[in-house]
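Per TrEMBL, the features are:
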- 294: active site (ACT_SITE)
- 109, 111, 136, 275: Zn(2+) binding site (BINDING)
- 5-153: domain 'Phosphomannose isomerase type I catalytic' (DOMAIN)
- 169-256: domain 'Phosphomannose isomerase type I helical insertion' (DOMAIN)
- 337-376: domain 'Phosphomannose isomerase type I C-terminal' (DOMAIN)
């Protein structure tokens, strides 16, 4: 008999933008989940990958199971996905679940829709490794900041009037076109926005570095004199410039919304939505893909033309980027984040201290469970033995299986569960 509910050891990605050592939520979860893990104090711990992605396939921690990794196990036991999920996604787990700990900004990027992904993968497989779309959702664990989507036009116009260096890069003709575009003509607004953003992103390197240095110098002086630099978004500009000096991405703060999430708040990033995470810790779920089109705040391959062509140029206020969680009608401990794509759904499970026995319910989809706070012993007919769960534990649950949690922590528990609700 082979268990179909089992704990996982997950892959870590040490990207340079990650928080270092035990400042990183990823590192903290790793050490709590496995005290034998050695955390190096000067190394970035950027991402924890919970899933079956070939570049970070989770290892199964149950010696009764012959397969070593989750990907191998699912390939041999595709029914574990649930009938609908298995058929819709050709026997693959359709999502990748992550924890991110962001110290310095990630690149300004967008993810293609399926049609563009197929085209990019066919043309440039070395940069676009698969043909899938990559919608993603981030839920804050600590206060979290990111750039997301185009700002309302009046905010961009205000920056064009307050930041002469920005206006110089975009040029008078494009700036005036945006200033004249009226809210009664959304297609005209989007067209003007596309021209302005493309002009910015394609400006000559020497020219934009000179303008950026002038802007940084001016804002630094104003800040030293105690002046208010918010009209030029001064504080964020200086922070990004200190992380990526001379990078065109610094100017994108004048076009994109700054979105601030409190713990438990989420943002959903659909296809073609420009974004860049800036700082904080989050759980993230996405369709299983690595396709990213980048254009700034990064040393990686950048593809400005593709990015400027593909973006969604619809302006909207930053408040509209916060994606609401819906409390479950069936279970008040569960809050559901259900994005407008079929690939994944996330549940936040907050078990109050008064509850000592809690059922992680069965569903018709494989799911991955992450413990953020609290301790419990989990029993499941499908696991055939007890599992001790604590902060950092990650468990794979096959479709139509449940786990009973016997809580042992005085403060209740906080868990996140990723699944696919077709």
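Glycine is treated like the rest: Cβ placed from N, Cα and C.
TrEMBL feature annotations superimposed on the structure.
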residue : record              : Cβ within 10 Å
109     : Zn(2+) binding site : 25
111     : Zn(2+) binding site : 25
136     : Zn(2+) binding site : 23
275     : Zn(2+) binding site : 24
294     : active site         : 22
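In terms of Cα distance, the binding-site residues that sit within 10 Å of the residue listed as 'active site' are 109, 111, chosen from 109, 111, 136. Helix first, then strand, then coil: DSSP counts for the domain 'Phosphomannose isomerase type I catalytic' (5-153) stand at 40 helix, 40 strand, 69 coil. What surrounds the Zn(2+) site, by Cβ distance within 8 Å of the Cβ centroid and not counting 109, 111, 136, 275, is the set 110, 134, 269, 273, 292 from the same chain.
The helix, strand and coil residue counts that DSSP assigns across the domain 'Phosphomannose isomerase type I helical insertion' (169-256) are 67 helix, 1 strand, 20 coil. Broken down with DSSP, the domain 'Phosphomannose isomerase type I C-terminal' (337-376) shows 0 helix, 20 strand, 20 coil.
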